[in-house]
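Peer 1: Structure in structure tokens, see below.
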Amino acid sequence: MTHRFSISNPVSGHYDLDDDEVTEGALQVWRALPERIRQDPSLASFRQEHERLHGYEPPDVDPLPNDDTDDHDHNNGKIVDGGGGVIFCGSGHNKNANAFSPIGINVTNEMGQVRILDGRDVENNNEDQQDETEHHGHSKLKKYLIWFKIAILLVVWGVFTAFLMSTNEHVDELKLISIPKNGTERVFRISTAELSRIGLHLTGAFRLQEADAVKDTLQRPPPRLEIFVERTYYNESGEKAFDEIVSKLWILDLVYPEFMDSTRETHKAFQFQIEPLDGDYANNTNLTELTLHFVSNIDAELPLQLSIDESPIYKKEGVIYAAVVLCGLYVMIIWEIVNRTFAAIIASTLSVGILAALNSRPSMVTIMGWIDVETLLLLFGMMILVAILSETGVFDYLAVYAYKITNGHVWPLINCLCLFTAILSSFLDNVTTVLLMTPVTIRLCEVMSLNPVPILMCMVIYSNIGGALTPVGDPPNVIIASNSFISKNGVNFAIFTLHMLPGVILVMFTSYVQLRYKFRNIADLQFKESPEVEELRHEIHVWKRAAASLSSYSKDEELVRQTLMKKVNRLKRSLKKKMSAAVEPAINYQQTLENLQAKYPIRNKPLLIKCSCALVFVISLFFLHSVPELQRLSLGWTALLGAIFLIILADIEDMEAILARVEWSTLLFFAALFILMEALSELGLIEWIGNMTESIILGVGEESRLMVAVLIILWVSAIASAFVDNIPLTTMMVKITISLAQNTALKLPLQPLVWALAFGACLGGNGTLIGASANVVCAGVAEQHGYKFTFLQFFKVGFPVMIGSIIVSTGYLLVSHVLFAWH
């Protein structure tokens, strides 16, 4: 059943939408809009029709303004959800929204100065004609640059499209072989004799770590498997004339025979560099053959799964290609050539295209396996929880409460916010913490007329610092602490936290000093233009974003979209008039606080109780995640189960409205980034970083080896984590750290190297916007609220803080472990 409905204009009367009807489909589109847009008087007719068909809203929801209420009266008494400055308040004693009278708010900065925020009307237009088209004076140079960008992107598209179309997926041919026991050689023939490289992939009963020293009660030597490539020369009669070893020896540690049947299979890979033909032998023969030789000293037959790649990637060239792709990604993001998510999609597709050009095109199953579904599941589940939680009004309530406890002062607010975020990130995953704290921070900044962007930067920096404290606070720490060899060597939850705590406290203090100096001028935390102008600019952005999310595909969407664009045009006209408006005096802080508290109570208490139950469930399992005996669910499964639990409790039927709040762009960005980093790892970039680190440490004298090892691991992991994803990097650096600690010739203790890696991998994420998952999530949520911060904005704040943090960590580690040998 459909109903004709005219869209009323609260200012001038009605919009005549001709024959458009408010159908159930149009109401479904309206329900998917953000709440602050859904409740706007411009869309009053949609809400009235919704209430007529589906019943009235709960009594604790703000009542709908009358159709004859102008925007001036409606917006008074309202904290606009998405602005940086204008606050409209009223006495809060009259149930009718019209009863609120315009007032102002005084916000006191650290210098004791009072900044007055007025409460004048946001829009006061009696016209409803379409705003005149904006004229953008694009210069010829700008047009040429746009065409140049399109041409470059088309060339890149053509390159990876050609590579992907011209090559088939690389499929490993798996073979099963058995290595005889006690030194008997097993020979495996290679089909092609003229090779310069051979890639070998093995799956079998190998130790998890190459140098994992297992205590054997029988004092037996550790079993090993030796592999090398041999070339055989045959004479004219087909008889063997000469043979020579043409590769380095690859040695693998095996498990003891009695553990052969119970151990899990482990994958190992190696690339043999084949020496060229010997001239003297080649002149006397006309046929050569390459063979793989396997020799083990284990007292049992060793079954192996084998795969030979006769055209593996040449890692030296692969590293160059990987560096070019990574630089291209950063160029696109830094100069905002394209959207951040689209840049990641282009870079990841190009990296797969390069693998295809090198005859190593991964299958779609392999690419899907590269995506960290656990992280995406965690983000998806928490985004749904936050979307439903926002309907209760708790974020507005917490913002007003923070305004109360800080007495309207800026830096006490930032201090409380950052400290609370750091503590919460220590025990929860920092991505979860950022998802919960970002909406509160944005609302808080709106209450105090602050620009949320620098405050959010401070918050996410402290989230990464706090996440370094415990084994469960940051993904790199989870990788480090969950390693079996490291845990066997005395690194448990308590020891990890105890050794990281002094360093984290020092880093928090120095970071505070740096941030306080960076934003020493209170104006840097406020908008450059007047609060009213910034508010209207932000309002226009929010409404444009909502309108852009709707297409003209259906009549229902077009009806809502046209209504939103009319609102945008009226806001643009208001913006022009606001440029010369005068400031009205503000009332005192106490009265302002009372008005805010009266206007913003918890809107839906039953839903808040249900959300609290779901959050208690999720956060409790997050805390128990460090105790595997009590909690066997991963973080991703926990978040998903919590989201399902809340949807059941809240009896949510309109799933489209909830799913519309999910940051799909952020999830897609992470998926593309995971593929990109795995492709760069296949090209050899991560391995190259690890090999360079190990070679530098091995090249110094024994007396200064610990100091150099700590410095190299700390700084390399920090700088690399700022520019590449820290998960594959940490996985590689853990292996290097363990091999260094178990190298008897180096005599390096394990624990100082572990702390250096943890500090570097976690704190390095503060260097750039895509250096840590929490940074990307915070930027995505902020952009959804209408506040966008660029790569360069974050880099100017985060990178100096990261360098200062690593310098402090360096001093702490050198004093505690090199000087006093705390370990």
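Placement of Cβ uses the backbone N, Cα and C atoms for every residue, glycine included.
The annotation domain 'Citrate transporter-like' is assigned in TrEMBL to 330-760. Taken from TrEMBL, the feature region 'Disordered' applies to 53-73. Annotated transmembrane segment per TrEMBL: 318-335, 341-358, 370-390, 410-432, 453-473, 493-513, 607-627, 633-652, 664-686, 706-724, 753-777, 797-822 (among others), in sequence order.
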Peer 1: Report, as numbers and ranges, every residue of the chain located at least six residues beyond the transmembrane segment (341-358) whose Cβ falls under 8 Å of a Cβ in that stretch; write 'none' if there are none.
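Peer 2: Counting only partners 6 or more residues beyond its ends, the transmembrane segment (341-358) has Cβ contacts under 8 Å with 153, 156-157, 159-161, 163-164, 166-167, 311, 313-314, 318, 321-322, 325-326, 328-329, 332-333, 367, 665-666, 668-669, 672-673, 675-676, 679-680, 682-683.
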Peer 1: Would you say the transmembrane segment (453-473) and the transmembrane segment (607-627) are in contact under the rule of three or more C-beta pairs closer than 8 Å, pairs 6 or more apart in sequence?
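Peer 2: Per Cβ check, the transmembrane segment (607-627) touches the transmembrane segment (453-473).
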Peer 1: Could you tell me whether the transmembrane segment (318-335) and the transmembrane segment (633-652) are in contact, taking contact to mean 3+ Cβ pairs under 8 Å with a sequence separation of 6 or more?
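Peer 2: As far as Cβ distances go (cut-off 8 Å, pairs 6 or more apart), the transmembrane segment (633-652) and the transmembrane segment (318-335) do not touch.
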Peer 1: Counting only pairs at least 6 apart in sequence, do the transmembrane segment (797-822) and the transmembrane segment (493-513) share 3+ Cβ pairs under 8 Å?
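Peer 2: Stretch pair touches.
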Peer 1: Which listed stretch (453-473, 664-686, 706-724, 753-777) has the most C-beta pairs under 8 A with the transmembrane segment (318-335)?
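Peer 2: Stretch with maximum Cβ contacts: 664-686.
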Peer 1: Short question: which residues 6 or more past the ends of the transmembrane segment (493-513) have a Cβ under 8 Å from it?
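Peer 2: Non-local partners: 415, 418, 422, 461-462, 465-466, 468-471, 477, 481, 626, 751, 755, 758-759, 763, 801, 804-805, 808-809, 812-813, 816, 822.
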Peer 1: Give residue numbers and ranges for long-range contacts of the transmembrane segment (753-777): same chain, 6 or more residues beyond its ends, CB-CB under 8 A.
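Peer 2: For the transmembrane segment (753-777), the far contacts come to 333, 340, 375, 379, 425, 430-431, 433-435, 438, 460-461, 463-465, 467-468, 473-477, 480, 486, 491, 496, 499-500, 503, 507, 663, 666, 669-670, 673, 709-711, 713-723, 726, 729-730, 733-734, 737, 740-741, 789-791, 794-795, 798-799, 801-802, 805-806, 809, 813, 817.
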